[in-house]
Amino acid sequence: MAFSTRLASSLRPALAALHRAAPRQCRGLSTRQGSEPSLNLGGIFPPLATPFSPTQEVDYAQLEENLRRYASIPFRGVVALGSNGEYPYLASHERVEVVSCVRRALPRDRLLLAGSGCESTQATIELTVSMAEAGADVALVVTPCYYRGAMTTAALVRHYTEVGDASPIPVVLYSVPANTGLDLPMEAVITLAQHPNIIGIKDSGGDITRMGLMVHKTRQEDFQVLAGSANFLLASYAVGASGGVCALANVLGDPLCQLDHLCRKGQWQEARDLQHRLIEPNTAVTRRFGIPGLKKAMEWFGYYGGPCRAPLAPLSPAQVEELRSTFSANGWL
């Protein structure tokens, strides 16, 4: 057994007790009462873009500066090392240092979710332990997918169960079929929701029927569903989602928090009008132009975007103009 795996096993009971004892003291944890979750994930989380210098080194100073600007926006927390953080392009030591940097710069009442999913169960456990040591509150664990043909419900349940058992911090499942080609099966989600250390899922697939069924089938568990895109945020709230991890929040954080607020207040007409204005910009910085588009848009709103790591390429001038037109047409520029 690897050292980090042994460490996780030995630390897990003590750290779990610490998380149970800490709710009233830090990071928005709350004592569970009735149907209230033990760790409230309700609200908006930007999946942070990782800033790079012109030589494609991680620019920690710019990361801190972006976080300083985000501090004035009522986010529930942030996600470090999600898909928009160019997670696959970072070395292991960079991943840990990014999380450490975010934790130092992030207000203490904001949750820090950190991507720790790897292709093997052992590597995922080891990285999850490292993320906890670096200050993450929650591990966001993407589905392993390289051997996707072998990723049956049984294999995925076994993988996540072992990660949940070993993790010193709560685990959120992460299903992003556009990137992995793999949708976490409903049967796996329902089974894993019963695990005491697996507290939710970020679902980026966009199937509202599926999301509503997840909420319904896990309603007796301490389990929350997070929308993985601003495009279907209102619809997700309508079927019972708790919050959203939305790429567009890196750019339009305040409007997304306002949408969250309107939905919670039941002001559906205002929420619908705002949702409509967010769809095209969100599509532009996700499916259409991806992370290069997201980083370019961030610059227009006072944040540092900067370059991506190769092989991600910058937008062409024509693409930049198309991106700008999309934001302008919806009244954001």
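One-based numbering along the chain as shown.
Backbone N, Cα and C atoms are what each Cβ position is placed from, and that goes for glycine too.
A TrEMBL annotation is a machine prediction, not a hand-curated record.
Pulled from TrEMBL, these are the features on record:
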- TYR174: active site, proton donor/acceptor (ACT_SITE)
- LYS202: active site, schiff-base intermediate with substrate (ACT_SITE)
- VAL245: pyruvate binding site (BINDING)
Distance, the residue listed as 'active site, schiff-base intermediate with substrate' to TYR174 (active site, proton donor/acceptor) (CA atoms, angstrom): 5
Alpha-carbon distance [LYS202 (active site, schiff-base intermediate with substrate); VAL245 (pyruvate binding site)] in Å: 7
Cβ-Cβ distance under 8 Å to the residue listed as 'active site, schiff-base intermediate with substrate', same chain, at least six residues away: LEU140, VAL172, LEU173, TYR174, SER175, VAL176, LEU226, ALA227, GLY228, VAL245
Cβ neighbour count (within 10 Å, all chains shown) around the residue listed as 'active site, proton donor/acceptor': 28
